[in-house]
């Protein structure tokens, strides 16, 4: 009515708005609120799913699109376009994961699916940018090695930047007393430092998603404990509230963009062609995810010795199912790809097909995931893997405290080989207590607040 029916663009999906303003608060809050012990306990599995799995999915979807889409009648796409399709459709929807999984009820599934989703999104974006920057006129081994090297560089530097900015924020609040004794200034400083990490990463052409996620983890471990009690309560609620608002706005924007009839008209494709392309892409998404979830899960099960730490088949199925949802990252990358092509018709067809995949996967899989978890993983029959983080540390870790050097060295090496996760956590905790916390603060650090009330000085755990 506002446009007198001359335009159907009620709310335009903006790629810049999404990546610069809506996505950062969501990813930061997820890192800030995540259960760190559960997340890092499964960190190896998360990296295998998020990095190796995404690369496998990227290859299968790209090859499948190259072989199948041409048979539908679309022949104007090049090698770079098919590789871009593989990167676009490999990106899972971390926002939907936050809505359908609960880290209190299903901590293991939440840490795996959401952790993989964050790494997956970062990997997909890195792959997409690498595809756009490389010359594929002559594909050889050097090109593949350049793609791998670019990915490893961006992954490591983005993670390091997030950790560095998180530690810097903790040091500033603990040592320089900048903004101390003022809840408004402490909360503002934490928000600005978190957003600064994302902006620096984007300016340096790194992965802002990885940077701000690990910045959130570090800030929750150190910076949050350096502020006053009232600031801790405020940050918890304000970060969650801002994240929820951004999530809501993303879903509204994606839904409104699907109603853009002009975009559908530009594709000039029949309903049969549109359905065929969308069905093909969605089938490739199903196959691409199954091709790495079940093999990687079974490989990790063969390596793990304890039965309680292995991933059961029903958990594997839920991990596969919950990761099928595609969201705003997929749409944003498809718009980015469309701006790089000269053919408006093919670009519109790929955008509309992507929207169909996103809407179908979000509505169908998103609505069924919670009932599926309750049916497959009843609450009164939670598998032991869910409670694995609550199991006391192996008694053999007491050998690490032995004063006999030979026994100490042998026990450390054997325990590291037999129980790598628990042993690394043990040594990290000792290093954290002796080196990191005296410098950067953290749990146990009580800021001096003159004339503060007992409510403000009370620690929020």
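Even glycines carry a Cβ here, placed using N, Cα and C.
For 16-374, the entry in TrEMBL reads domain 'Cation/H+ exchanger transmembrane'.
Marked as transmembrane segment by TrEMBL: 17-34 (among others).
Within its own chain, the transmembrane segment (46-70) is flanked in space by residues 39, 77, 79, 82-83, 85-87, 89-90, 111-112, 115-120, 122-124, 127, 155, 277, 280-281, 284-285, 287-289, 291-293, 296, 300, 319, which lie at least six positions past its ends and keep a Cβ under 8 Å from the stretch. Residues or ranges marked as transmembrane segment in TrEMBL: 46-70 (among others).
Residues or ranges marked as transmembrane segment in TrEMBL: 108-131 (among others). Beyond the ends of the transmembrane segment (108-131), by six or more residues, the same chain brings 27, 30-31, 34-35, 38-39, 41-43, 45-47, 49-51, 53-55, 58, 80, 83-84, 86-88, 90-94, 97-98, 101-102, 147, 150-151, 154-155, 158, 205, 207, 209-210, 213, 315, 318-319, 322-323, 329, 333, 336-337, 373, 377, 385-386, 388 to within a C-beta distance below 8 angstroms of the stretch.
Long-range contacts of the transmembrane segment (151-173) within the same chain, counting only residues at least 6 positions beyond its ends with a Cβ under 8 Å from a Cβ of the stretch, are 51, 122-123, 126-127, 130, 179-180, 186, 189-190, 193-194, 196-197, 200-201, 204-219, 221-223, 226-227, 439-442. Residues or ranges marked as transmembrane segment by TrEMBL: 151-173 (among others).
Summarising the annotation, TrEMBL assigns transmembrane segment to 194-219 (among others). Only residues 6 or more beyond the boundaries of the transmembrane segment (194-219), in the same chain, are considered here, and those with a CB under 8 A from a CB of the stretch are 19-20, 23-24, 27-32, 34, 36, 39, 118-119, 121-122, 125-126, 129, 154-155, 157-159, 161-163, 165-167, 169-170.
Sequence annotations record features per position, and here TrEMBL assigns transmembrane segment to 239-259 (among others).
Annotated transmembrane segment per TrEMBL: 271-297 (among others), in sequence order.
Within its own chain, the transmembrane segment (317-336) is flanked in space by residues 13, 15, 18-19, 22-23, 49, 84, 87-89, 91-97, 100-101, 109, 112-113, 116-117, 120-121, 124-125, 128, 250, 253-254, 257, 285-286, 289-290, 293-294, 297, 311, 350-351, 354-355, 357-358, 361-362, 365-366, 368-369, 372-373, 376-377, which lie at least six positions past its ends and keep a Cβ under 8 Å from the stretch. Marked as transmembrane segment by TrEMBL: 317-336 (among others).
Beyond its flanks by at least six residues, the transmembrane segment (348-368) meets 74, 85, 88-89, 93, 96, 99-100, 254-255, 257-258, 263-264, 266-269, 273-275, 277-278, 281-282, 285, 321-322, 324-327, 330-331, 334-335, 337-338 of its own chain at Cβ-Cβ distances under 8 Å. Annotation comment: TrEMBL describes 348-368 (among others) as transmembrane segment.
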